[in-house]
Amino acid sequence: MPLRETVILLDIEGTITSISFVKDTLFPYVAAALKNYVDKYWNDETFQQDLELLRAQAALDSNIEGFVPICTGNNEKESVINNVLWQMSKDRKNTALKQLQGHIWREGYESGLLKGHLYEDVLPVLTKLISMGKQIYTYSSGSTTAQEYLFQYSMYGDVSHMFVNYFDTKMGPKSSETSYKNIANRIFVNCHDILFLTDVLAEAEAAKRAGCSSALLVRPGNAPLDPKQSSKFKIMKTLDELLEV
Ligand SMILES: [Mg+2]
């Protein structure tokens with residue numbers, strides 16, 4: 001059956017980008033580059049803004065077990081670095097941490113050390129879908145800025161022009177149906193005009209509850225899907241299956 005939906009909404013990690021790129025490349029890059037970055041940009045306005053957010057976050061975090069405080073005085077820089085490493089070890093996803101990570105990634109992408117991973121089927125299929133009049137959006141828990149860098153500095157060059165826009169958890173959590181309604185409202189379409197593709201069952205279910213179509217991607221390195229729970233969705237190995245009629 002030809003694709004009915006006009007909007008293709010893509011999850012990123014585990015759907016069009018390998019989980020390993022995020023887990024084994026992007027996050028370790030921040031940990032490895034952090035000290036140099038902090039030294040180099042300490043007096044920059046952007047870093048000072050990031051630091052302000054980190055301090056505000058630290059004030060909220062002081063009751064969490066193992067909390068690493070940000071001090072003032074001689075050990076200030078070191079304490080900032082240790083606080084960030086602690087947050088990352090807990091896989092925290094607050095705005096302060098995400099913003100700093102985004103800025104460190106930007107430097108890595110701009111210097112050519114990082115190149116956004118995309119599965120090889122992604123660009124050919126998206127090109128075809130765009131030629132069919134489909135509009136491509138992303139929805140990921142990575143910030144919209146981090147998403148844009150991934151596409152701007154992808155392993156295939158700048159492919160950011162293929163995407164109409166990027167959404168992140170400012171729309172709400174990915175396992176909440178309201179988020180998909182928020183996205184539909186934002187782009188002035190009905191949920192039933194949206195096809196959402198993801199590797200996570202709970203996200204596919206939430207999109208479906210909102211009235212979107214959804215399908216599951218199974219990529220190498222993804223967590224296995226529960227066969228029973230996932231059987232109500234179309235399961236695809238590559239995006240090519242979208243074009244099969
Ligand atoms: Mg995913």
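Using the three backbone atoms N, Cα and C, a Cβ is placed for every residue, glycine included.
The shown structure was predicted, so the numbers you read here are calculated from the model rather than taken from an experiment.
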Cross-ref TrEMBL: Mg(2+) site Asp11, Glu13; candidate in list Asp193, Asp199, Asp226 matching that site is Asp199
Checking TrEMBL, the member of Lys115, Lys128, Lys170, Lys174 that binds substrate with Ser140, Ser141 is Lys174
For Ser140 (substrate binding site), the closest of the binding-site residues by C-alpha position, picking from Asp11, Glu13, Asp199, is Asp11
Integer Å value for the Cα distance linking Lys174 (substrate binding site) with Glu13 (Mg(2+) binding site) is 13
From Asp11, Glu13, Asp199 (binding-site residues), the ones whose CA sits within 10 A of Ser141 (substrate binding site) are Asp11, Glu13
Quick tally, other C-beta within 10 angstroms, Ser140, Ser141; top of the binding-site residues is Ser140
